[in-house]
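Right, one structure below, let's go through it.
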Amino acid sequence: MASSNTVLMRLVASAYSIAQKAGMIVRRVIAEGDLGIVEKTCATDLQTKADRLAQMSICSSLARKFPKLTIIGEEDLPSEEVDQELIEDSQWEEILKQPCPSQYSAIKEEDLVVWVDPLDGTKEYTEGLLDNVTVLIGIAYEGKAIAGVINQPYYNYEAGPDAVLGRTIWGVLGLGAFGFQLKEVPAGKHIITTTRSHSNKLVTDCVAAMNPDAVLRVGGAGNKIIQLIEGKASAYVFASPGCKKWDTCAPEVILHAVGGKLTDIHGNVLQYHKDVKHMNSAGVLATLRNYDYYASRVPESIKNALVP
């Protein structure tokens, strides 16, 4: 392990603070009462004022501190001057105390690609299903997701008025994942988490092929991976295009750092080069344990229907 004064660990420490700031913005927009909803491509593909402000905050804060990064965000925004109030320039000191895995110690700023989803679970956000919402900042090197930060702005929001709202989970491959308590679904139980708002026949047929004991239909890719690492679900199964690289980059790191696995429906690892296509065209299959069991149950007809 190398000193934490490396580009990667400084970037992760910054991303942690920046994700917290974005989470505050997400909460503030709800509190102010005007979500500013616009449809991007259809009624289930929405953008709100929180998406726009959070992305401005994240991308501008990262670009100021790390000007040579490649930053790819979900929302297309005009290159307007960003209000100073949206900029976060602090770093989470606890991360800077951690050693950098030696394989990443010499990484340069310009070698890294950051994938940003400023508000994962937008549809659920507009419907008041606030525990589905996450802020995702994923960091990739040579096409591989190697570090990630997930902020849950409304973690604890149903725990009463005195509860502390929000939490931030982070991880680096070779170091671990932090900010949560790792749990597993009881042995022999097959609980599937899948999409709430983007279902179709391929999705439902693939879920059924898993012979599940229960199916959880929730919003947000980040939220589904958190269900895996906290023992609420055994597998995340989404046999459809629809989810993008900014949805999976950060969550994949957290899952991989604790021994899980995330691939497309064919078992291919996802690539995060700056020039890669944004859509995960062949869906997502992710588990904390027993990946091979779930992968073996994906019907050939579904694989044939989904081209990587």
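Glycine too: its Cβ is placed from the backbone N, Cα and C atoms.
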Of the candidates Asp213, Asp247, Asp264, the one that Swiss-Prot places in the Mg(2+) 2 site of Asp117, Asp120: Asp247
Mg(2+) 1 binding, same site as Asp117, Leu119 - Swiss-Prot member from Glu32, Glu74, Glu75, Glu184: Glu74
Candidate annotated as phosphothreonine in Swiss-Prot, where the set is Thr122, Thr126, Thr195: Thr122
Other CB atoms, at most 10 A from the CB of Glu74 (Mg(2+) 3 binding site): 22
Recorded positions near Thr122 (phosphothreonine), in sequence order, restricted to Asp51, Glu74, Thr195, Gly220, Lys224, Asp247 and a 10 Å Cα cut-off: Asp51, Gly220
Set of same-chain residues at least 6 away whose C-beta sits under 8 angstroms from Thr195 (AMP binding site): Val203, Arg217, Gly219, Phe238, Ser240, Gly242
Rounded Cα separation (Å) that holds between Asp117 (Mg(2+) 1 binding site) and Glu74 (Mg(2+) 3 binding site): 5
Integer Cα-Cα distance in angstrom, Glu74 (Mg(2+) 3 binding site) to His198 (AMP binding site): 17
Thr122 (phosphothreonine) in three-state DSSP notation: helix
